[in-house]
Amino acid sequence: MNWVNKSVPQEFILLVFSDQPWLEIPPFVMFLFSYILTIFGNLTIILVSHVDFKLHTPMYFFLSNLSLLDLCYTTSTVPQMLVNICNTRKVISYGGCVAQLFIFLALGSTECLLLAVMCFDRFVAICRPLHYSIIMHQRLCFQLAAASWISGFSNSVLQSTWTLKMPLCGHKEVDHFFCEVPALLKLSCVDTTANEAELFFISVLFLLIPVTLILISYAFIVQAVLRIQSAEGQRKAFGTCGSHLIVVSLFYGTAISMYLQPPSPSSKDRGKMVSLFCGIIAPMLNPLIYTLRNKEVKEAFKRLVAKSLLNQEIRNMQMISFAKDTVLTYLTNFSASCPIFVITIENYCNLPQRKFP
């Protein structure tokens, strides 16, 4: 038991951060800027999808789930990275590392399945348009989203448990930006072949199978779009599917290169850069891709801004009216004792003069 306790460090040292302060400024600014854009973009999509009645459709329900994923995905890593860049000691506690590992795995696995679900939604909308409302009913949408979340978190529980059970024998230097399965397996002092095989199998299950189904679905989608007679209909269909296809390419491309490529001398540094792109850059780009290419989202955002400005103007008018009524009430009550003063105020405000007893 003592050997097991000694094998678990109290904290991990992250080696990828530089000790030179002048080298830390560019990544700090880049990570902070990306994080702010990610927060703003994904919160905007969630808010617009929830508030605007025209966006209460399966497509935007799944899109808001994706935005929530990206929001949490980035929040699980970037704040700790910003803290480490600013501090002299580049460390993360054991509990923080466990939480980061679990959340990163859970949200990444969920996104793998959710992107496939979103592709199924587009397949039904384009290839079965007359049956779309019957097939993609509200209950099925909730079931598909719940299945994605539950499967992702279940996979994270298994992988995190298997990874953290490996004895570290006092090793605590993580050559990565954050806690991730491949980086933690390298700290183990025993053979990790079984864990690497398990990781490869899970990667095939959550990456290759969904992306294969997505490619097959898009083959049918392209055939259906080409059969559309109107150019406007084709352009709208390709625009909607194009945004999703770009997001799919970014996510699955980086994830497959990170988990399924054979090891090579340059694979370690490439894996760190790919993880950085997948965990920070991709969540920032997803809202931009969907909003810039989606006319409905842009119009809904404009309606939301216009509604907010109108509500603010109404509140200002109500405050002015309330202040005016308050002043007039006070003047009315005050008129008996100071009629000359009230007449002067009413003349100044262009109010109708009243007769005093």
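Just so it is clear, glycine is given a Cβ too, placed from its N, Cα and C backbone atoms.
Annotation source Swiss-Prot lists topological domain 'Extracellular' at 1-25 (among others), citing sequence analysis.
The annotation N-linked glycosylation site is assigned in Swiss-Prot to ASN5.
As annotated by Swiss-Prot, transmembrane segment applies to 26-49 (among others).
If you look up Swiss-Prot, you'll see 50-57 (among others) marked as topological domain 'Cytoplasmic', on the strength of sequence analysis.
Taken from Swiss-Prot, the feature transmembrane segment applies to 58-79 (among others), supported by sequence analysis.
Tertiary proximity for the topological domain 'Extracellular' (80-100) is limited to same-chain residues at least six positions away from its ends with a CB under 8 Å from its CB atoms, namely 8-15, 17, 24, 27-28, 31-32, 35, 160, 164, 174, 177-179, 184. Annotation source Swiss-Prot lists topological domain 'Extracellular' at 80-100 (among others).
For CYS97-CYS189, the entry in Swiss-Prot reads disulfide bond, with the evidence type sequence analysis. The Cβ of CYS97 (disulfide bond) lies under 8 Å from the Cβ of PHE12, VAL174, CYS179, LEU184, each of which sits 6+ residues away along the same chain. Secondary structure from DSSP puts CYS97 (disulfide bond) in a helix.
Among the features that Swiss-Prot reports, transmembrane segment is placed at 101-120 (among others).
According to Swiss-Prot, the feature topological domain 'Cytoplasmic' maps to 121-139 (among others). Counting residue by residue with DSSP, the topological domain 'Cytoplasmic' (121-139) contains 16 helix, 0 strand, 3 coil.
Feature annotation from Swiss-Prot assigns transmembrane segment to 140-158 (among others).
If you look up Swiss-Prot, you'll see 159-195 (among others) marked as topological domain 'Extracellular'.
Taken from Swiss-Prot, the feature transmembrane segment applies to 196-219 (among others), supported by sequence analysis. Sequence-distant neighbours of the transmembrane segment (196-219) (same chain, 6+ residues past either end, Cβ-Cβ under 8 Å): 109, 112-113, 115-116, 119-120, 122-123, 155, 159, 162, 181-182, 185, 241, 245, 248, 252, 255-256, 259-260.
For the topological domain 'Cytoplasmic' (220-236), the number of residues in each DSSP class (helix H, G, I; strand E, B; coil) is 13 helix, 0 strand, 4 coil. Among the features that Swiss-Prot reports, topological domain 'Cytoplasmic' is placed at 220-236 (among others).
Per Swiss-Prot, the feature transmembrane segment maps to 237-259 (among others). Within its own chain, the transmembrane segment (237-259) is flanked in space by residues 59, 66, 108, 111-112, 115, 118-119, 122, 126, 182, 199-200, 203, 207-208, 210-211, 214, 218, 221, 224-225, 228, 270-271, 274-275, 277-278, 282, 285-286, 289-290, 293-295, which lie at least six positions past its ends and keep a Cβ under 8 Å from the stretch.
When pLDDT is averaged over the topological domain 'Extracellular' (260-272), the result is 66. According to Swiss-Prot, the feature topological domain 'Extracellular' maps to 260-272 (among others), an assignment based on sequence analysis.
The feature transmembrane segment is assigned by Swiss-Prot to 273-292 (among others). Using a Cβ-Cβ cut-off under 8 Å and counting only residues 6 or more beyond its ends in the same chain, the transmembrane segment (273-292) has close neighbours at 31, 34-35, 37-38, 41-42, 44-45, 63, 66-67, 70-71, 73-74, 77-78, 104, 108, 176-178, 180, 243, 246-247, 250-251, 254-255, 257-258, 298, 301.
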Highest Cβ pair tally under 8 Å against the transmembrane segment (101-120), stretches 26-49, 58-79, 140-158, lands on 140-158
Close approaches to the transmembrane segment (58-79) from elsewhere in its chain (Cβ under 8 angstroms; 6 or more beyond its ends)
31, 34-35, 38-39, 41-43, 45-46, 49-50, 99-100, 103-104, 107-108, 110-111, 114-115, 117-118, 121-122, 125, 136, 141, 144-145, 148, 177-178, 240, 247, 279-280, 282-284, 286-287, 290
Near the topological domain 'Cytoplasmic' (121-139), which same-chain residues lie under 8 Å Cβ to Cβ, leaving out any that are not at least 6 residues past its ends?
58-59, 62, 217, 220-221, 224-225, 237, 240-241, 244
